[in-house]
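Some notes on the structure that comes next.
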Amino acid sequence: MESYLNENFGGVKPKNSEEEVLQRWRKLCGVVKNPKRRFRFTANLSKRYEAAAMRRTNQEKLRIAVLVSKAAFQFIQGVSPSDYVLPQEVRDAGFQICAEELGSIVEGHDVKKLKFHGGTEGLAEKLRTSTANGLATDNEFFTRRQEIFGLNKFTETAARSFWVFVWEALQDMTLMILGVCAFVSLVVGVIMEGWPKGAHDGLGIFASILLVVMVTATSDYKQSLQFKDLDKEKKKIAIQVTRNGYRQKLSIYDLLPGDIVHLAIGDQVPADGLFVTGFSVLIDESSLTGESEPIMVTSGNPFLLSGTKVQDGSCKMLVTTVGMRTQWGKLMATLSEGGDDETPLQVKLNGVATIIGKIGLFFAVITFAVLVQGMFSRKLSEGSHWSWSGEEALEMLEYFAVAVTIVVVAVPEGLPLAVTLSLAFAMKKMMNDKALVRHLAACETMGSATSICSDKTGTLTTNHMTVVKSCICMSIKEVSKTNNASSLEIPDSSLKLLLQSIFSNTGGEVVVNKSGKLEILGTPTETALLEFGLSLGGDFHSEREAYKLVKLEPFNSSKKRMGVALMLPEGGLRAHTKGASEIVLAACDKVLDSNGKVIPLDEASSSHLNTTINQFANEALRTLCLAYQELDKFSPDNAIPSSGFTCIGIVGIKDPVRPGVKESVAICRSAGITVRMVTGDNINTAKAIARECGILTDNGIAIEGPVFREKSQEEMHELVPKIQVMARSSPLDKHTLVKFLRTNLDEVVAVTGDGTNDAPALHEADIGLAMGIAGTEVSIAHHRYNTISQPLLEKSCDADTKIPKKNHKKR
């Protein structure tokens, strides 16, 4: 049986399986009581074909739209304005543009129409909104807006009633045959023995059929309700929006045309819209257009389509079209019904059910043949084989009913469904632990994991960061909430540069919340720095308004730093950079001394700063270096320089280890699971945290990414099993480690990641745990899944399950 299952049912993966493989094994299920039941909670192949056809059509439309928009740039000046008639209903509601016109502008990349309506600012005015303060919810336009433009919700398939499940349960061929037997038995019995004595057998079979159908329908109906609840949980998405003049979190389903949405690297675009302001925005449109090359979105090409992903940069977007009017909305109705691929265990159990079904059919035929042969033998011996009575016909019918009953009982049709139900229960259980499982196969594979490659920040640590030490102007000081600039002995000139660096070179923001208090938004690292800047007496808004932003380069996981170019009010240009201490310090050739004067970075100063970095790192602090340089000439088209900077200082940020991590690592180790930390942090910081968590032991090795990638295959065979910490790793290093563990050492690998840099490793791993912090959308997009990022501490689990090649220790 094992060889049969491996041969016919072993080629199916839990996700991204080839359609041919899925079709092939389904055809092998020749003896299936009810195919509709067996494949209800698995991939709906016909719906997938429809979705693929629709996607191809949309891709062609969008390609044409993009080409037309490119051509339009060349002729825009010579084209007369288009005639547009505003519907009376929209005019009466107080708006100057309708939903159809908005949809045609973005979907068609129509530059001509956009210019005719006054560009992004003109459309914002016509939508009664502000690109600075967003929608106002305290006026009559807000409720009318929903009526005119609709909500950002997709049409969902209507829930099926209980009686639909009863009807599907009745589609079982063997139950139909039994029903015919019951009817014939009832008619013949009543004719032969009269009512009610002759009806006992027929009515008994009818009662059995009714019982089977009701139990089956009830079970399936309850399962469908459970899956509906799970689906609702998986679709919860929050996004940063400016409304009523302040920034807030909002469900994407509450978005309306006119909303100002803040998008950052890793986000999925929640609706169709137009670029307002931003820097270095790269959009992955492959989910819609099929093009693998990312598109640069600027004020010249401002079109953002729902369902696409932000690969790089950050921006503000004006929402123009929502819900079913968007391209993504048109796809969603079909895509959402495609279902998940079958898990390997479901496929194997389908195989077992099929084999048992065939065995049951074989014995049913033998039983019927033996019973009929006995009857014929008796009639031959009596010489009455040419004459048949009603009782004998009824007896033959009973033999047939016995054979059909054997088939009904023998085929364990509910076996694959039982696996689906148990996995669904596991998903629900994990939800209670704040782990949102995206795909059933993840629950199945987790029990086979032998190695976990974990990120550090936000996974092993709390991701709540604060600046606790600083080395500004070569002076090392402890930092506390009571500190100010004078207590840290920072000269005025240096303080001005420091605050300029913190508040200008950031992806975070300081906003006023509903209660009128200052609130810091951004990644935990940005939040810690902004909090430090505010404690030094800085004013975020006045600093931002004082300088004109010329160019911003967001943090990049390969460069491990971010930069900004500013135009100063007194004239001149200045660049600021911050990032991994060793990398930024290596780009510096000058430093600010204790008096705030710029001096060359000689060997003594360099040694002092490197010692400080190592000292901070050994105390388990994440270190960041801040630097600046004056620019003579700079064009926004050019990259910010990578050398010639002046070091302002180094800050040490504390990120405490999560409670319970050490115990969890110990449990994993006792179960035979190896836990490895793979991080982009300094090696000393990584080692300190790893020791605190119990990951780094005396027999383990801590290695840096650049050293690891230089190793040969032979060296890796000896090195990889001992590696417990990899620091300063690039996305490719993490991917290489995971791939080597899986392919060369036959490990079943789980990977945790919290951003776009983890996408290759998450895709390569057997189990991908995407932390809902930043970049979850892009990281899982590489899995070719439509997934949703969750709040901090909620994990999205996707599995690329490969059945283990060896037996693992029970855990």
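Keep in mind that glycine also has a Cβ here, set from the backbone N, Cα and C atoms.
Automatic, uncurated: that is what TrEMBL annotation is.
Computed from a predicted structure; not experimentally measured.
The domain 'Cation-transporting P-type ATPase N-terminal' annotation in TrEMBL covers 115-190. The annotation transmembrane segment is assigned in TrEMBL to 173-192, 198-218, 355-376, 396-426.
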Item checked: Intrachain residues whose Cβ lies under 8 Å of the transmembrane segment (198-218), provided they are six or more past its termini -> 37, 162, 165-166, 168-170, 175, 178-179, 181-192, 394, 398, 401, 408, 414
Check: Mind checking which residues reach the transmembrane segment (173-192)? Cβ under 8 Å, same chain, six or more beyond either end.
Finding: 33-34, 198-203, 205-206, 208-209, 212-213, 390-391, 393-394, 397-398, 400-401, 404-405, 407-408, 411
Check: Per DSSP, what is the residue count of the domain 'Cation-transporting P-type ATPase N-terminal' (115-190) in each of helix, strand and coil?
Finding: 46 helix, 1 strand, 29 coil
Next item on the list: Summarise the model's confidence over the domain 'Cation-transporting P-type ATPase N-terminal' (115-190) as a mean pLDDT value.
Entry: 80
